[in-house]
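S.K.: Quick one: structure below, then a few questions.
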Amino acid sequence: MEQTEKSKVYAENGLLEKIKLCLSKKPLPSPTERKKFDHDFAISTSFHGIHNIVQNRSKIRRVLWLVVVLGSVSLVTWQIYIRLLNYFTWPTTTSIEVQYVEKMEFPAVTFCNLNRFQTDAVAKFGVIFFLWHIVSKVLHLQEITANSTGSREATDFAASHQNFSIVEFIRNKGFYLNNSTLLDCEFFGKPCSPKDFAHVFTEYGNCFTFNHGETLQAKRKVSVSGRGLSLLFNVNQEAFTDNPALGFVDAGIIFVIHSPKKVPQFDGLGLLSPVGMHARVTIRQVKTVHQEYPWGECNPNIKLQNFSSYSTSGCLKECKAQHIKKQCGCVPFLLPGYGIECDLQKYFSCVSPVLDHIEFKDLCTVGTHNSSCPVSCEEIEYPATISYSSFPSQKALKYLSKKLNQSRKYIRENLVKIEINYSDLNYKITQQQKAVSVSELLADLGGQLGLFCGASLITIIEIIEYLFTNFYWICIFFLLKISEMTQWTPPPQNHLGNKNRIEEC
């Protein structure tokens with residue numbers, strides 16, 4: 001043990017000797033040399049005003065210049081603090097710009113019949129209304145009473161018909177689009193047909209999208225305002241029906257206007273056109289650009305697996321699909337993703353409780369940067385203005401009745417006319433921008449330094465060099481002091497003993 005302590009002492013002494021030897025090669029400047037170094041810095045630095053403190057012979061002038069320099073340093077420190085404080089509040093500005101163009105891309109439009117099911121298919125199959133109510137819960141939560149008659153019937157049906165595919169039923173027995181339901185279609189003066197529409201499932205069952213991103217129509221552009229898409233639908237109320245008990249009491253067409261790259265979102269965004277009416281819709285294109293965090297709330301690094309472009313609605317669907325797949329081992333057909341399709345039994349036993357859990361725990365949230373689905377960094381919307389007129393007129397009623405070989409009452413109760421066009425060939429860009437960029441901040445700080453102190457980046461480097469040199473000399477001074485103190489050795493033990501004996505005498 002004693003041997004170990006001795007070896008440590010020898011090692012420390014050896015290290016100190018090495019430090020002392022190294023410092024002896026670079027001796028500490030004398031006080032005169034250090035004073036000269038300080039004087040040379042004061043008269044040569046580009047920090048204006050300091051040389052006046054040193055070189056002036058008058059003490060009054062020296063004091064005045066000292067006050068001026070200290071005041072300038074205080075002011076520039078205050079100004080820099082204010083600007084840094086303002087920068088780190090991440091301020092933004094909003095710019096609005098209107099761009100006029102010769103041609104504009106036409107948006108996608110998704111149409112659905114408010115009466116979702118074929119009458120003959122559901123005449124003896126009334127439980128399908130409640131089944132679809134359960135299935136479409138994945139798109140937006142609905143209050144479902146567990147003790148209701150419809151719920152019990154749906155549960156019993158799901159237990160006894162395990163191989164039943166509600167997807168195929170809706171596809172085959174829901175609303176369809178052909179020449180009997182789409183009586184007339186015209187896009188920018190050219191005829192179109194049901195083939196130009198892409199099928200899509202929504203909470204309204206079978207819906208059809210014109211100008212879908214995967215069709216050739218999506219590449220067409222409108223070059224004249226006031227012209228666009230003109231459609232004449234036959235909702236055929238006798239052939240299609242719905243359940244008024246679930247809130248479906250209207251007759252007509254519901255449609256939503258959206259970007260061709262995005263899926264339709266009806267919840268709160270659908271436009272209605274009732275039967276016996278001509279709906280004229282004028283739209284504008286509005287592009288909104290949001291800044292990323294911390295200036296804004298968007299996150300440019302989020303990519304969706306099943307959609308080409310990011311949207312909060314698409315993100316919410318993927319979020320729900322991931323939780324359901326993890327807990328239930330299947331994916332609802334109304335949600336994106338790959339995997340086993342959830343059967344009816346899974347909807348009751350697993351999917352519905354998981355959706356309630358997602359809502360209760362806020363597992364899929366929208367809005368801020370730290371939510372599951374923050375706002376889009378860039379989104380395109382189509383604000384619409386809609387006006388109605390009675391359709392058809394008395395003269396047109398006679399013409400259509402003869403052309404379609406239908407009664408006037410049938411024409412009034414089943415036909416819907418819809419026109420969609422741009423109000424102007426321009427689009428508005430609303431852009432959120434950084435109020436202060438890094439380059440602007442540096443320029444502002446440099447301006448403050450130059451205004452109050454006549455300083456620049458080179459001046460700051462000079463001051464840093466001066467402070468570092470003095471700090472280096474202070475370190476050398478203390479290291480030399482430490483090495484001198486370690487050279488002192490205590491007096492031998494026998495001397496202490498003799499001293500004690502003398503004191504005793």
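Cβ from N, Cα, C; glycine included.
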S.K.: Check Swiss-Prot and name the cysteine among Cys330, Cys364 that pairs with Cys342 in a disulfide.
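M.R.: It is Cys330, per the disulfide annotation in Swiss-Prot.
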S.K.: Based on what Swiss-Prot records, which one of Cys192, Cys207 is disulphide-bonded to Cys185?
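M.R.: That record, Swiss-Prot, gives the partner as Cys192.
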S.K.: Look at the disulfide annotations in Swiss-Prot and name the partner of Cys377 from this list: Cys298, Cys315, Cys453.
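M.R.: As annotated by Swiss-Prot, the paired cysteine is Cys298.
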S.K.: Looking at the disulfide bonds in Swiss-Prot, identify which of Cys350, Cys364, Cys373 pairs up with Cys328.
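M.R.: As annotated by Swiss-Prot, the paired cysteine is Cys350.
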S.K.: Pick out which of Cys112, Cys315 Swiss-Prot lists as the disulfide partner of Cys207.
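M.R.: Answer per the record: Cys112.
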S.K.: Can you check which of Asn56, Asn306 Swiss-Prot annotates as N-linked glycosylation site?
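M.R.: Annotated as N-linked glycosylation site in Swiss-Prot: Asn306.
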S.K.: Which of these, Cys315, Cys453, shares a disulfide with Cys373 in Swiss-Prot?
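M.R.: Matching partner in the record: Cys315.
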S.K.: Name the one residue among Asn178, Cys328, Cys350 whose Cα is closest in three-dimensional space to that of Cys112 (disulfide bond); these are the recorded positions.
M.R.: Asn178
S.K.: Restricting attention to the topological domain 'Cytoplasmic' (481-505), give the mean pLDDT.
M.R.: 51
S.K.: Would you identify which of the glycosylation sites Asn163, Asn178, Asn179, Asn405, Asn421 has the most other C-beta atoms lying within 10 angstroms of its C-beta?
M.R.: Asn421
S.K.: Of the recorded positions Asn306, Cys315, Asn370, which one has its Cα closest to the Cα of Cys298 (disulfide bond)?
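M.R.: Smallest Cα separation from Cys298 (disulfide bond) among Asn306, Cys315, Asn370: Asn370.
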S.K.: In whole Å, how far is Asn179 (N-linked glycosylation site) from Asn405 (N-linked glycosylation site) when you measure between their Cα atoms?
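M.R.: Given the Cα positions, Asn405 (N-linked glycosylation site) is 15 Å from Asn179 (N-linked glycosylation site).
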S.K.: Any idea what DSSP makes of Cys298 (disulfide bond), helix, strand or coil?
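M.R.: Once the DSSP labels are grouped into three classes, Cys298 (disulfide bond) ends up as strand.
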S.K.: If you count other C-beta atoms within 10 angstroms, which of the disulfide-bonded residues Cys315, Cys328, Cys342, Cys350 is the most crowded?
M.R.: Cys342
S.K.: Hey, does DSSP put Cys330 (disulfide bond) in a helix, a strand, or just coil?
M.R.: coil
